[in-house]
Amino acid sequence: MKILLILACAIACTCGERYCAMKDDTGLSCRNGTASDCESCFNRGDLIWHLANWNFSWSIILIIFITVLQYGRPQFSWFVYGIKMLIMWLLWPIVLALTIFNAYSEYQVSRYVMFGFSIAGAIVTFVLWIMYFVRSIQLYRRTKSWWSFNPETNAILCVSALGRSYVLPLEGVPTGVTLTLLSGNLYAEGFKIAGGMTIDNLPKYVMVALPSRTIVYTLVGKKLKASSATGWAYYVKSKAGDYSTEARTDNLSEQEKLLHMV
């Protein structure tokens, strides 16, 4: 918003007679007394007129946008987080549609330089959109989790316990993974991922899935109190490869489960 205001002031200083500051109360004449009227200024898409009449609306929109970006996290509000994800998913097709429409408009008026920039923007947007789907499908192939299609998810922590696979989206690959057991509830990265757990249910290894590979973390240390089902377990990287993260319920040893390939 500040950048737009600075740009508007610069335009007004250099060629102020060409822009309407605001519509007069008595009609369409400009307050700055120019020969042109505000209707013609608005039809030409002048920035000063738009900001003077719509600055409050844009302020509200930007406040909502900032709130969604800052507090759109699961630990704050799932509702705001859902709105944030919806916005991020819709941005790709909206930007693609705008660049294609702008390319068509520029071609109609023979502005071929801007037409070329619009085509380049459309191609870049389309390629980035395809890359998002490719990486998401690769990650889903390993985890079978819908978190794979979260635009913010770069990796997924997978914990197999009680015959099930529990997942948690991550922004990056951790150096080590700590699982905390509090009164039978299992926590990872501060989030509760499972309940009804006991010390014996803690896995010997956990995995972090990436689109290109799966990293295996092996248990190296733990401190547990059996009477209250409370404690912690720490895992470090041991190997990486094309491993599946799905929980196996058949009669396989831990090593055979680990070597199960996608």
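Backbone N, Cα and C atoms are what each Cβ position is placed from, and that goes for glycine too.
The annotation region 'Interaction with N protein' is assigned in Swiss-Prot to 237-252 on the grounds of sequence analysis.
Swiss-Prot lists 18-47 (among others) with the feature topological domain 'Virion surface'.
Through the fold, the topological domain 'Intravirion' (69-77) approaches residues 83-85, 190-191 of its own chain, all at least 6 residues removed from its boundaries and within a Cβ separation under 8 Å. Here Swiss-Prot flags 69-77 (among others) as topological domain 'Intravirion'.
Residues annotated as topological domain 'Virion surface' in Swiss-Prot: 99-112 (among others). When pLDDT is averaged over the topological domain 'Virion surface' (99-112), the result is 87.
Here Swiss-Prot flags 134-262 (among others) as topological domain 'Intravirion'.
Annotation comment: Swiss-Prot describes 48-68 (among others) as transmembrane segment.
According to Swiss-Prot, the feature transmembrane segment maps to 78-98 (among others).
What Swiss-Prot lists as transmembrane segment is 113-133 (among others).
Within the chain, the transmembrane segment (78-98) has long-range Cβ neighbours (under 8 A, six or more residues past its boundaries) at 67-69, 71-72, 121-122, 125-126, 128-129, 132, 150-152. Here the topological domain 'Intravirion' (134-262) has, by DSSP, the following mix of helix, strand and coil residues: 22 helix, 60 strand, 47 coil. Shown for the topological domain 'Virion surface' (99-112): DSSP residue counts in helix, strand and coil, namely 11 helix, 0 strand, 3 coil. Residues 118-119, 121-122, 125 of the same chain sit 6 or more residues outside the topological domain 'Virion surface' (99-112) yet have a Cβ under 8 Å from a Cβ within it.
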